[in-house]
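Written out below as structure tokens is the structure these notes cover.
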Amino acid sequence: MFSIRANILKKACSVLGRGHRGDRKVKDKVIEGTLKKIEIDEAVTDLNVAGGVEDMYGEDLASQDQPITPWTMTVASGHALMRDPHHNKGIAFTEKERDAHYLRGLLPPATFSQDLQVKRFMHIIRKYDVPLHKYIAMIDLQERDERLFYKILIDHVEELLPIVYTPVVGEACQKYSEIFMRPQGLYISLKEKGRILEVLKNWPEKSVQVIVVTDGERILGLGDLGCQGMGIPVGKLALYTALGGIRPSACLPITIDVGTNNKKLLEDEFYIGLRHKRATGQEYAELLEEFMTAVKQNYGEKILIQFEDFANHNAFELLTKYRSSHLAFNDDIQGTASVVLSGLLASLKLIGGTLADHTFLFLGAGEAGTGIAELIALEISKQTNDPVEQCRRRVWLVDSKGLIVESRKDTLQHFKQPWAHEHEPVKGLLEAVKAIKPTVLIGTSGVGKTFTKEVIEAMASINEKPLILALSNPTSQSECTAEEAYTWSEGRAIFASGSPFDPVEYNGKVFTPGQSNNAYIFPGFGLGLIMSGTIRVHDDLLLAASEALASQVTEENYKKGLIYPPFTNIRQISAHVAAKVAAKAYELGLASRLPRPRDLYKFAESCMYSPVYRSYL
Ligand SMILES: NC(=O)C1=CN([C@@H]2O[C@H](COP(=O)(O)OP(=O)(O)OC[C@H]3O[C@@H](n4cnc5c(N)ncnc54)[C@H](OP(=O)(O)O)[C@@H]3O)[C@@H](O)[C@H]2O)C=CC1
Ligand SMILES: CC(=O)C(=O)O
Ligand SMILES: [Mg+2]
């Protein structure tokens, strides 16, 4: 007990040493408060977590996340407490808190509950006609009152996901310099070469557990947006918290700026990034190497690094290079593969057969296309015991030059080569559909309107229930709309898309399209890795995530033609994904958090951040 108390005291003093410059009396009071909280935390941790695993989400359970506690801050100034988004409660500060923390007079007299604040914000945001204005209002809230932001996002996930994520985040990135107000995330540019570790140390949070990083070269299907790509890591990490329960202070969005080849941005006087062409080759590789090394040095071996929206010429290379030395994962290649495989597994209930009975045709043979293709082949191989090379023959891909076939092999990028099967050359998608006769058509081209009426009709003439996945984001780049898929297939298509579409009425029947987006996977996947202390990402973990997600599709969902569950229950879904990923990691000997918690689902739930306001009394 003594040593625990001494330890607690040490923790409290270090808290104060860094953050507090007040007098001795105040310092004692804070130590006392901190002591009490830490003692409670340790008890709660023991209760919540089977197997004596330490609490990692200090923020909810209190201590770890507060180098400067609200108490110390408010002694200095109530105004500063209100300006701190981690602790601000706005008009929800109670009468007692207003007295205790020098807030009296700084707020209007009324006090609202958090729920009433949620209601008020939704009332306001629903009045905005322009989606980008809703995005700006959400970001503004995130920067003002973090817990209210997450409460609102969690409680209205179906309504607000399209705002903070695709499609509206795409428009936000296109106009990022224009709407830029307060910087979010960390910018690492070529100017910081040789000083990246120093830059990381400028980030105020010390216990970061997940980084989403982009270099802005392939932002959704919108191309090179340079430094303006920051909206993507910020949005992805908002989902890590809202959908996967990773506490906000553990999330670090990073944009690496090596320039841009986007002429419009280079000529824009308000562009916020480096104003020159992209660095490539050795210069690029050296910056990334320094970044990857510094990240591990600063945050340790188990920091999760999610590569996001890199162009494919860098994405595959970075993944290959760093997946064996870091806990690194590429969302566009691997997260997308996992979510699509899940949809395919679920779809078998509707279209029949096993995975190996189907023929898959892709439009687009880049990160998403070949990533999905590889995981399909791996799963078929596991199910049939056939070699993976043989299973790849069930999968065909079309790129901008036509069907990928053996005769093109010498000129193909390395990630396309495994898909160069024996076949005569075929130019366009329609011809490929007619030649290959796929049962499943998947769009990963980044080009809108490429699933034409003729293509969908051809799919519908081959299949009783054609499975059509138009995965490209944002909505403008979707290979077809939900309405087109249902109408042109005469209501027979099973359809899902990367960005959401509203339900469609066709011939007096309402069709509800699903959303096939890696947002179903990466938040729960990341939680599973973090809570189990997993040290590397293995393909079997992706398969485990796919199966976990597919198992969450209910009979009711299937009746509506859905192959994904709705986002309304996403936190439970993420907990299931996390539990299965962690279980697989333990089975493979990749999990370092020992002993293994008995009930991984409950453990996942207990780790999740809750955005409910805390009492500061
Ligand atoms: N729903 C989801 O969860 C996800 C969706 N995506 C979306 O997928 C899209 C593609 O992303 P990603 O794979 O990373 O991009 P890549 O740039 O890596 O790949 C794009 C592929 O599409 C091909 N292509 C481009 N234009 C055409 C065309 N007109 N006809 C046929 N093929 C074409 C390219 O051909 P070539 O190689 O010849 O240039 C390339 O093979 C994006 O819109 C992205 O938003 C990505 C990840 C997740
Ligand atoms: C969803 C996603 O990761 C993308 O479109 O790039
Ligand atoms: Mg992406």
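Cβ atoms are placed via backbone N, Cα and C, with glycine included.
Nobody curates TrEMBL annotations by hand; they come from automatic prediction.
Long-range neighbours of TYR165 (active site, proton donor) (same chain, six or more residues apart, CB within less than 8 Å of its CB): GLY235, LYS236, ALA238, LEU239, ALA519. In the three-state DSSP scheme, TYR165 (active site, proton donor) falls into the coil class. The active site, proton donor annotation in TrEMBL covers TYR165.
Among the features that TrEMBL reports, active site, proton acceptor is placed at LYS236. LYS236 (active site, proton acceptor) falls within a helical segment according to DSSP.
Under the DSSP three-state reduction, ASN473 ((S)-malate binding site) is assigned to coil, being neither helix nor strand. Same-chain residues at least 6 positions away in sequence with a Cβ under 8 Å from that of ASN473 ((S)-malate binding site) are, in sequence order, THR166, PRO167, GLY170, LEU220, GLY221, GLY498, SER499, ASN517. Positions annotated as (S)-malate binding site by TrEMBL: ARG218, ASN473, ASN517.
Per TrEMBL, divalent metal cation binding site is recorded for GLU308, ASP309, ASP332. According to DSSP, ASP309 (divalent metal cation binding site) sits in a coil region rather than a helix or strand. For ASP309 (divalent metal cation binding site), the same-chain residues lying six or more positions away in sequence with a CB closer than 8 A to its CB are THR214, GLY216, GLU217, ARG218, ILE219, LEU220, GLY229, ILE232, ASP332.
The feature domain 'Malic enzyme N-terminal' is assigned by TrEMBL to 142-323.
Per TrEMBL, domain 'Malic enzyme NAD-binding' is recorded for 333-586.
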Count of other CB atoms lying within 10 Å of the CB belonging to ASN517 ((S)-malate binding site): 25
Candidate with the highest Cβ count within 10 Å, taken from the binding-site residues GLU308, ASP332: GLU308
Max CA-CA distance, Å, over listed (S)-malate-binding residues ARG218, ASN473, ASN517: 16
Among ARG218, LYS236 [recorded positions], residue with fewest other Cβ within 10 Å: ARG218
Of TYR165, LYS236, GLU308, ASP309, recorded positions neighbouring ligand 1, Cβ under 6 A: none
Listed recorded positions with Cβ under 6 Å from ligand 2, out of LYS236, ASP309, ASP332, ASN473: ASP309, ASP332, ASN473
Cβ under 6 Å from ligand 3: qualifying recorded positions of LYS236, GLU308, ASP309, ASP332, ASN473: GLU308, ASP309, ASP332
